[in-house]
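Engineer: A single structure is presented below for examination.
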Amino acid sequence: MTSYSYRQSSAMSSYGGMGGGPVRFGSGGVFRAPSIHGGSGGRGVSVSSTRIVSSSSGGYVGGRGGSFSGALTVTDGLLGGNEKITMQNLNDRLASYLDKVRALEQANGELEVKIRDWYQKQGPGPFRDYSQYFKTIEDLRDKILGATIENSKIVLQIDNARLAADDFRTKFETEQALRMSVEADINGLRRVLDELTLARTDLEMQIENLKEELAYLKKNHEEEISALRSQVGGQVSVEVDSTPGIDLAKILSEMRSQYEAMAEKNRKDAEAWYLTQIDELNTQVAVHTTQIQINKTEVTELRRKVQDLEIELQSQLSMKAALEGTVAEIEARYGAQLSHIQGVISSIEVQLSNVRADTERQNQEYQQLMDIKSRLEQEIATYRSLLEGQEAHYNSLSIAKAL
């Protein structure tokens, strides 16, 4: 609020009181030269005066409070015509300026009350404290960053699992190719086994044929021996005194022993060869069977690992999808909250801009008011100089009358 005061210490010949009080002029009386005290908005404007001794005839001049609109009456010859007009104009302009000052200060007071009320209603309070939101936003940003890092780790784990799955798939394909090669070898060995079985059957048939032939030869041999014995017996009975002949029985016995030995040797050789081939085939079959079992076990283990990796991959993909959905939901939710907060901040910034504009406008009005006050003080100074001139003139007249 703007206040101004001006105390007039000089005497004047005739002046209207601002507060409605009269100013009395009398012989040997008291004269009070008024001074102006302007309150806020032009309210409470009062006039004070200093005392001087006057011997002039008195009169009463009335005026209205807060202005110089009252008529200024003086004795004839006290003020000149131009000075009266000047003082009247100054009085009118002073009243007009005081009215303007009062109106402007009243408007300024109303604006200040409105601004104060607006700050009380719209100003930052506990419910307008956004620091907790900032902390929440920072926490959410940290959570989003952590979720992003965790998502990156999961993506890296998924890539590692995919690479491991590709590695296991390559190993599986290699083992499958090895398995197919082993199965091809097994099929070849089966064909060899079939051939050996056929050879064994052929050898058994040959052994049977040899046995039959041996039995047939034994039978023929016995028949020949019987025939020879019968012939030898007949010769012995006929030629009793002849020289001893060849012992055919011994010769036949030796031949039979040699033949049986050869047959037994051939049988044993065939049986040994057959048993050797059978043992070799059994050994190869056992070795390949063991290798097949090992390969089957490895293939089963690899299949189980591949299934476990596929299950883990599906689980990681599901977890990734769930985390991506959670991150998207969090971003959407807190994005909406951030948008709301930004909208609130924008609204507050607009309100602050309006307040700044109102403040600038009030500052401009205040500057205008101060300019008016300066001009008013200049006019009051002019008015004071006129009053001092009239006081000097009045004093000179009083001295002249006294003399």
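Cβ coordinates come from backbone N, Cα and C, glycine included.
Take a look at what Swiss-Prot says about it:
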type	residues	note
DOMAIN	83-394	domain 'IF rod'
MOD_RES	Arg7	omega-N-methylarginine
MOD_RES	Ser14	phosphoserine
MOD_RES	Arg24	omega-N-methylarginine
MOD_RES	Arg24	asymmetric dimethylarginine
MOD_RES	Ser27	phosphoserine
MOD_RES	Arg32	omega-N-methylarginine
MOD_RES	Ser35	phosphoserine
MOD_RES	Ser40	phosphoserine
MOD_RES	Arg43	omega-N-methylarginine
MOD_RES	Arg51	omega-N-methylarginine
MOD_RES	Ser57	phosphoserine
MOD_RES	Ser67	phosphoserine
MOD_RES	Thr326	phosphothreonine
MOD_RES	Tyr394	phosphotyrosine
MOD_RES	Ser398	phosphoserine
REGION	1-82	region 'Head'
REGION	83-118	region 'Coil 1A'
REGION	119-136	region 'Linker 1'
REGION	137-228	region 'Coil 1B'
REGION	229-251	region 'Linker 12'
REGION	247-393	region 'Necessary for interaction with PNN'
REGION	252-390	region 'Coil 2'
REGION	391-403	region 'Rod-like helical tail'
SITE	Ala270	site 'Stutter'
SITE	Ile330	site 'Stutter'
Engineer: For Tyr394 (phosphotyrosine), which of the recorded positions Ala270, Thr326, Ile330 has the nearest Cα in space?
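Structural biologist: With Cα distances computed to Tyr394 (phosphotyrosine), the winner among Ala270, Thr326, Ile330 is Ile330.
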Engineer: Between the region 'Coil 1A' (83-118) and the region 'Coil 1B' (137-228), do 3 or more CB pairs sit under 8 angstroms, pairs being 6 or more residues apart?
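Structural biologist: Contact between the region 'Coil 1B' (137-228) and the region 'Coil 1A' (83-118): absent.
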Engineer: Measuring Cα to Cα, tell me the gap between Ser398 (phosphoserine) and Ile330 (site 'Stutter') in whole angstrom.
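Structural biologist: One finds 97 Å between the Cα atoms of these residues.
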Engineer: State the count of C-beta atoms found within 10 angstroms of the C-beta of Ser398 (phosphoserine), not counting that atom itself.
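Structural biologist: Summing over all protein chains shown, Ser398 (phosphoserine) has 17 other Cβ atoms within 10 Å.
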Engineer: Which of the three DSSP states, helix, strand or coil, fits Ser398 (phosphoserine)?
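Structural biologist: Note: Ser398 (phosphoserine) is helical by DSSP.
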Engineer: How many neighbouring Cβ atoms, not counting its own, are there within 10 Å of the Cβ of Ala270 (site 'Stutter')?
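Structural biologist: By my count, 15.
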Engineer: Highest CB neighbour count within 10 A among the recorded positions Thr326, Ile330, Tyr394?
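Structural biologist: Checking each of Thr326, Ile330, Tyr394, the winner is Tyr394.
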Engineer: Which value does the mean pLDDT take for the region 'Coil 2' (252-390) in this predicted structure?
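Structural biologist: Over the region 'Coil 2' (252-390), the predicted model scores a mean pLDDT of 84.
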Engineer: For the region 'Coil 2' (252-390), what are the DSSP-based totals of helix, strand and coil residues?
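Structural biologist: Split into helix, strand and coil, the region 'Coil 2' (252-390) gives 139 helix, 0 strand, 0 coil.
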Engineer: Using DSSP, what is the helix/strand/coil residue split across the region 'Coil 1B' (137-228)?
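Structural biologist: Helix (H, G, I), strand (E, B), coil: 92 helix, 0 strand, 0 coil.
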Engineer: Per DSSP, how many helix, strand and coil residues does the region 'Coil 1A' (83-118) have?
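Structural biologist: Secondary-structure composition of the region 'Coil 1A' (83-118): 36 helix, 0 strand, 0 coil.
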Engineer: Calculate the distance in Å between the alpha carbons (Cα) of Ile330 (site 'Stutter') and Ala270 (site 'Stutter'), and round it to a whole number.
Structural biologist: 87
